[in-house]
Amino acid sequence: MGNSAKKFPPIQGGALILLTLALSLATFMQVLDSTIANVAIPTIAGDLGASFSQGTWVITSFGVANAISIPITGWLAKRFGEVRLFLVSTFLFVVSSWLCGIADSLEALIIFRVIQGAVAGPVIPLSQSLLLNNYPPEKRGMALAFWSMTIVVAPIFGPILGGWISDNIHWGWIFFINVPIGLSVVLISWKILGSRESEIVHQPIDKVGLVLLVLGVGCLQLMLDQGREQDWFNSNEIIILAVVAVVCLIALVIWELTDDNPVVDISLFHSRNFSVGCLCTSLAFLIYLGSVVLIPLLLQQVFHYTATWAGLAASPVGLFPILLSPIIGRFGYKIDMRILVTISFIVYAITFYWRAVTFEPSMTFVDVALPQLVQGLAVSCFFMPLTTITLSGLPAHKMASASSLFNFLRTLAGSVGTSLTTFMWYNREAVHHTQLTEHINPYNPISQSFYHQMNQFGLSDTQTSAYLAQQITSQGFIIGANEIFWLSAMGFLGLLIVIWFAKPPFGTQH
């Protein structure tokens, strides 16, 4: 039996700075890897002789394995120790990244991505719990702010970096960049934390719970990733996945409430702040990550931006978190955490409303970048206060389980958000396309006048119809995006009420 991490004195000085950097880099690396491959799928699929739809399994395979492994992190950490599990997971992440980079077939790449996703699961929750358990109580806010910044900034830089790599060098470097970063994280963490292992508990594994978890979460993630490709519930495959996911997840909750050694600690929801924090974080991340995917898609499909320029237009959101996170971490505890979250949700609502009324066919790069820049204020006040509220009052020995469940729900919400947003966007485009097309008929003098003008410019009626169809599609996508932005603004205003159900005091001193 090892010692509980709680018994070790806090780390101080240069070692503390190095540890913070290493754990934050581990988080950044893992979150970056979940988005960096998205824009490179056409390049990867073409290079490996596969279709685009087959290439999407490069994303799906990682997402499914990752979603399954995150919630069992708490049990694994108790069984093998938090430090040991973190070091092994990070090292295996490095190895699997290298294997992904040298893969010479799509099948091999998918297998290595499954391994990569599975070993990546424990990295984020353990980096969070190790940071909190080894920091001086008075400095935990700053540590959490710096760590949180990587969670919300990494998805922005993933498409930029992935686009640049796929455009300029071999796509394998999307994965190779993890190797030096990951090895540095392992060496620094081992040097500082090697003798600070958490308590090891030899408890039996909950086999039934594990099977239900794998089936439920795996089917749910597959459904979310493949839904649009398979036309959602018009596909028997998607219906079967949905039924299996719902049945298994309901059975999982019932089973875990009665099992003595649950693989997922449902009892954490007895904590009011944990429940409120998970709900607010999950719903907010669902909306936020949906926009992270939607805005580059809109810019590429309608405004013909390259992947790199679409990423650059979205990137200003990272400026304020980089500048303000240390300040909020240093002074945030002087005010009610709920106030910081309220400010965040209000700014989120304002920026989504801003997009809803300004996104139009003639908008410029600045029109996209400016709301992104202001939204950075919301991001700065978002993750650190919500994480603090969620974990407040929990004992140290439950921190790994709480962090893994919290991050699992956040990750799952992000998957739901991206799938739901893209589904709504394409669906609303189809609706608006039909509505707008109805106005193009022989009885509408405006449309007939337009055809006449185009004839004078030398275009035939067929060419004019093709041009109008293209314009209607673009308008449909823009209107659909604006409707989603409106709905997102309303969602954040609704969350303003929920966050005030959290109960002070807040803090990570346990």
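Any Cβ shown, glycine's included, is placed from N, Cα and C.
The feature topological domain 'Cytoplasmic' is assigned by Swiss-Prot to 1-7 (among others), with sequence analysis given as support.
Residues or ranges marked as topological domain 'Cytoplasmic' in Swiss-Prot (evidence: sequence analysis): 53-56 (among others).
The annotation topological domain 'Periplasmic' is assigned in Swiss-Prot to 78-91 (among others) on the grounds of sequence analysis. Sequence-distant contacts of the topological domain 'Periplasmic' (78-91) (same chain, at least 6 residues past either end, Cβ-Cβ under 8 Å): 2, 5, 26, 119-123, 126-127, 129-130, 133, 182-183, 185-186, 189-190, 193-194, 196-203, 205, 400-401.
When pLDDT values are averaged over the topological domain 'Periplasmic' (135-144), the model yields 78. Taken from Swiss-Prot, the feature topological domain 'Periplasmic' covers 135-144 (among others).
Feature annotation from Swiss-Prot assigns topological domain 'Periplasmic' to 190-203 (among others); the stated evidence is sequence analysis. Mapped onto DSSP classes, the topological domain 'Periplasmic' (190-203) shows 4 helix, 0 strand, 10 coil.
Here Swiss-Prot flags 225-237 (among others) as topological domain 'Cytoplasmic'. If one looks beyond the topological domain 'Cytoplasmic' (225-237) by at least 6 residues along the same chain, the residues whose Cβ comes under 8 Å of a Cβ in the stretch are 53, 56, 59-60, 63-64, 415, 419, 422-423, 426.
Swiss-Prot lists 259-278 (among others) with the feature topological domain 'Periplasmic', giving sequence analysis as the kind of evidence.
The topological domain 'Cytoplasmic' annotation in Swiss-Prot covers 300-308 (among others), and the record cites sequence analysis as its basis.
What Swiss-Prot records for 330-338 (among others) is topological domain 'Periplasmic'.
Here Swiss-Prot flags 360-375 (among others) as topological domain 'Cytoplasmic', drawing on sequence analysis.
Annotated topological domain 'Periplasmic' per Swiss-Prot: 397-483 (among others), in sequence order.
Sequence annotations record features per position, and here Swiss-Prot assigns topological domain 'Cytoplasmic' to 505-510 (among others) based on sequence analysis.
The feature transmembrane segment is assigned by Swiss-Prot to 8-28 (among others), with sequence analysis given as support.
Sequence annotations record features per position, and here Swiss-Prot assigns transmembrane segment to 32-52 (among others) based on sequence analysis. Below 8 angstroms of C-beta separation, residues 58-59, 62-63, 66, 97, 103-106, 109, 116, 120, 154-155, 157-159, 161-163, 165-166, 171, 174-175, 178, 292, 296, 307, 311 of the same chain, each at least six residues beyond the ends of the transmembrane segment (32-52), sit close to that stretch.
Residues annotated as transmembrane segment in Swiss-Prot: 57-77 (among others).
Positions annotated as transmembrane segment by Swiss-Prot, on the basis of sequence analysis: 92-112 (among others).
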Short question: which residues 6 or more past the ends of the transmembrane segment (169-189) have a Cβ under 8 Å from it?
18-19, 21-23, 25-26, 29, 33, 36-37, 40, 43-44, 47, 83, 86-87, 90-91, 93-94, 97-98, 100-102, 130, 161-162
Intrachain residues whose Cβ lies under 8 Å of the transmembrane segment (8-28), provided they are six or more past its termini:
86, 90, 123-124, 127-128, 130-131, 134-137, 139, 143, 146-147, 149-151, 153-154, 181-182, 184-185, 188-189, 192-193, 196
Which stretch, 57-77, 114-134, 145-165, 339-359, 484-504, tops the Cβ pairs under 8 Å count with the transmembrane segment (204-224)?
57-77
Take a look at 92-112, 114-134, 145-165, 484-504 and tell me which one has the most Cβ pairs under 8 Å to the transmembrane segment (57-77).
114-134
Range from 92-112, 114-134, 309-329, 339-359, 484-504 with most C-beta pairs under 8 A to the transmembrane segment (145-165):
309-329
Among the ranges 92-112, 114-134, 309-329, 484-504, the one whose Cβ pairs under 8 Å to the transmembrane segment (339-359) are most numerous:
484-504
